[in-house]
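Each remark here refers to the structure printed beneath this line.
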Amino acid sequence: MDNSIANVNQTLQSRFFLLGLSTDPHLQVLGFLVFVVIYLIALLGNGLLLITVRISPKLHTPMYFFLSNLSFIDICFSSTVVPVILMNTVSADKSISRGSCISQMFFHLTVGSAECMLLAIMAYDRFVAICKPLHYNSIMNMRFCIILALTPWIIAFINSCIQVPITWRLPFCRSHHVNHLFCEVPAFLRLSCRDPWLNVVAMYVAAGTMALFSFLLTLISYVYIISTILKIRSSQGRHAVFSTCASHITVVTLYYGALLFNYLQPPSSHSLEIDNIVSVLYSAVTPMLNPIIYSIRNKDVKNCIIQKIKLK
């Protein structure tokens, strides 16, 4: 009898309970439908963008190479979060195993960090295209583009290899009930019965280095871009050049704003409800909006999609 109780306790200690959405059945149904729609739009939108870039020779340029990389990242990003939320919503058992939680946290952090840095690289690509048009093809050659595309993944992977293990070395004796929709580092730091100051410092250093460096690179790129645009005498020319950057500015504003808010605000000012909303915003909503924003604002993508539809 004592052994069976001990086994049950050990099993419970190896699982975590995601409190997730509201306990109200009607709100759960509504939330489930909303997340299904978000996930389907993210998969279909990013998938369509990937296919369009792949089959359209006109879009075989560095700009669309990075855009297709962003679409791939967004598919992965949504897939690390939304299925967990959906399963947690429909299932009576709100628990998740330690291994599953670690895996989900690792891949979510990796993909999210990679997207953060890729957006900065896309800003640099626009800087070279607008400010150094005569040297664009020589600077943004395929070899250099591949290196730029791989760099965020390598840095993000190394960051996750540091952040996730030190998070799971903490003793979670305070509670195994996580007031969050999925497994994310900040939510687990609040569960530790030991002061997680080292983890907080590591998180701030990593988030600050990657997010702020990416943000500064993006900001500097757009300072040069805007100064170049202002030198164009024709209003039509200014509008044409700026329209190629408008989509990226919109995406960067949404993503960096939510990411910096979630990872760089002081722990004392954290609101659990707001944290959930912000996490969903950059993990699920932004990947859904990205292909919509780029398709609506980008004439080349729209024209290629329309041409392919007409041919069929």
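Even glycines carry a Cβ here, placed using N, Cα and C.
Annotation comment: TrEMBL describes 45-294 as domain 'G-protein coupled receptors family 1 profile'.
If you look up TrEMBL, you'll see 29-51 (among others) marked as transmembrane segment. Counting same-chain residues at least six beyond the ends of the transmembrane segment (29-51), those with a Cβ under 8 angstroms from any Cβ of the stretch are 21-22, 67-68, 71-72, 74-75, 78, 82-83, 85-86, 89-90, 284-285, 287-288, 290-292, 294-295, 301, 305.
When Cβ-Cβ distances below 8 Å are used as the criterion, the transmembrane segment (63-86) is approached by residues 18, 20-21, 32, 35-36, 38-39, 42-43, 46-47, 49-50, 53-54, 96, 104, 107-108, 111-112, 114-115, 118-119, 121-122, 125-126, 129, 145, 148-149, 181-183, 244, 280, 283-284, 286-288, 290-291, 294, 300-301 of the same chain, each at least six residues removed from its ends. According to TrEMBL, the transmembrane segment annotation covers 63-86 (among others).
What TrEMBL records for 106-124 (among others) is transmembrane segment. For the transmembrane segment (106-124), the list of distant contacts is 63, 66-67, 69-70, 73-74, 76-77, 80-81, 148-149, 151-153, 155-157, 159-160, 163-164, 182-185, 206, 210-211, 213-215, 217-218, 221-222, 248, 251-252, 255-256, 259, 282-283: same-chain residues at least six beyond its ends, Cβ to Cβ under 8 Å.
Under 8 Å from some Cβ of the transmembrane segment (144-166) lie the Cβ atoms of residues 62, 65-66, 69, 102, 105-107, 109-118, 121, 124, 185, 198-199, 202-203, 206, 210, all in the same chain and six or more residues away from its ends. Taken from TrEMBL, the feature transmembrane segment applies to 144-166 (among others).
Counting same-chain residues at least six beyond the ends of the transmembrane segment (201-227), those with a Cβ under 8 angstroms from any Cβ of the stretch are 113, 116-117, 119-120, 123-124, 126-127, 130-131, 155-156, 159, 162-163, 166, 185-186, 189, 245, 249, 252, 256, 259-260, 263-264. Residues or ranges marked as transmembrane segment in TrEMBL: 201-227 (among others).
Look at TrEMBL and you will find 239-257 (among others) tagged as transmembrane segment.
What TrEMBL records for 277-296 (among others) is transmembrane segment. With a cut-off of 8 Å between Cβ atoms, the residues of this chain six or more beyond the transmembrane segment (277-296) that come close are 35, 38-39, 41-42, 45-46, 48-49, 67, 70-71, 74-75, 77-78, 80-82, 85, 108, 112, 180-182, 184, 247, 250-251, 254-255, 258-259, 261-262, 302, 305.
Model confidence over the domain 'G-protein coupled receptors family 1 profile' (45-294) is summarised by a mean pLDDT of 85.
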